[in-house]
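Residues or ranges marked as active site, proton acceptor by Swiss-Prot: GLU43. Annotated active site, proton donor per Swiss-Prot: LYS112, in sequence order, evidence recorded as sequence analysis. Per Swiss-Prot, the feature active site, nucleophile maps to CYS153; the stated evidence is sequence analysis. Residues or ranges marked as domain 'CN hydrolase' in Swiss-Prot (evidence: sequence analysis): 4-248. Look at Swiss-Prot and you will find SER26 tagged as phosphoserine, backed by a large-scale study or a structure entry. The N6-succinyllysine annotation in Swiss-Prot covers LYS68, LYS123, LYS130. The N6-acetyllysine annotation in Swiss-Prot covers LYS68 and is backed by similarity to another entry.
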Amino acid sequence: MTSFRLALIQLQISSIKSDNVTRACSFIREAATQGAKIVSLPECFNSPYGAKYFPEYAEKIPGESTQKLSEVAKECSIYLIGGSIPEEDAGKLYNTCAVFGPDGTLLAKYRKIHLFDIDVPGKITFQESKTLSPGDSFSTFDTPYCRVGLGICYDMRFAELAQIYAQRGCQLLVYPGAFNLTTGPAHWELLQRSRAVDNQVYVATASPARDDKASYVAWGHSTVVNPWGEVLAKAGTEEAIVYSDIDLKKLAEIRQQIPVFRQKRSDLYAVEMKKP
């Protein structure tokens with residue numbers, strides 16, 4: 001298959017976990033009725049985003065929230081990228097994305113590698129590392145359409161992760177993410193377009209909808225970018241579903257027209273994976 005429909009769910013997050021999960025499943029069903037074959041939820045889709053919330057909302061995987069995702073993926077016969085949730089495992093907390101196949105099987109689990117620790121004086125200070133531990137592995141999964149590579153939010157700033165995924169044959173990179181009102185307007189779209197052009201892949205980001213009353217205000221603007229760096233679809237700040245038809249023939253054409261993979265000077269430099 002050379003094309004398929006991708007859907008990104010820009011969900012309004014509340015403080016009530018069960019409501020978030022129920023509403024996420026409702027939007028997933030709606031996306032499936034519109035022909036979406038791969039659907040992504042946003043970062044921290046079942047929880048407010050913030051260090052103080054992670055311990056309270058954390059679950060095992062499998063657990064309550066991911067069981068619902070497994071069920072709805074099977075019901076709708078889709079590939080479901082479950083945004084992320086705070087995961088508890090062996091006394092540690094992680095920011096984790098679980099992926100489910102059309103039969104409800106857990107296909108992949110990705111723990112955010114690069115924790116969001118920043119300090120922009122007078123604007124925003126945040127330290128995920130106060131409560132979360134970093135993941136230590138890459139994660140891809142295969143579909144009948146293409147291979148998909150996973151990252152979460154801050155991971156998008158690290159070009160090496162995207163390069164390794166491209167080397168491993170990924171044609172679509174999906175980053176559930178929640179940039180903020182400082183970094184969002186400056187870097188959200190720029191980073192997506194950069195990763196797409198650098199690696200000649202499709203890049204998709206799924207953000208929570210903006211809630212100006214939240215302790216952490218998400219930028220929104222869930223986006224799909226093609227390998228030419230063009231924005232194919234983009235949400236505003238409100239709750240929405242973003243749809244984009246992914247054309248893999250277009251990707252192949254771009255790679256043929258500008259064959260950077262064949263032109264890389266591997267005799268001079270390399271980006272390599274040190275741990276599978």
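Cβ atoms here come from the backbone N, Cα and C positions, even for glycine.
Among the recorded positions GLU43, LYS68, the residue whose Cβ has the fewest other Cβ atoms within 10 Å is LYS68. For LYS112 (active site, proton donor), the nearest neighbour among the listed recorded positions (SER26, GLU43, LYS68, LYS123, CYS153), judged by C-alpha distance, is CYS153. Cβ neighbour count for SER26 (phosphoserine): 13 (other Cβ atoms within 10 Å of its Cβ, all protein chains included). Within the model, the domain 'CN hydrolase' (4-248) carries an average pLDDT of 98. Of all Cβ atoms in the shown protein chains, 11 besides its own fall within 10 Å of the Cβ of LYS130 (N6-succinyllysine). Among the recorded positions listed here, namely SER26, GLU43, LYS68, LYS123, LYS130, GLU43 has its C-alpha nearest to that of CYS153 (active site, nucleophile). Calculated from their C-alpha atoms, the gap between LYS123 (N6-succinyllysine) and GLU43 (active site, proton acceptor) amounts to 22 Å. Separating the Cα atoms of LYS68 (N6-succinyllysine) and the residue listed as 'active site, proton acceptor' is a whole-number distance of 17 Å. Within 10 Å of the C-beta atom of LYS123 (N6-succinyllysine) sit 11 other C-beta atoms, taking all shown protein chains into account. Distance noted between the C-alpha atoms of SER26 (phosphoserine) and LYS130 (N6-succinyllysine) is 33 Å. Residue environment of the residue listed as 'active site, proton donor' contains 26 other Cβ atoms, counted within 10 Å of its Cβ in all protein chains.
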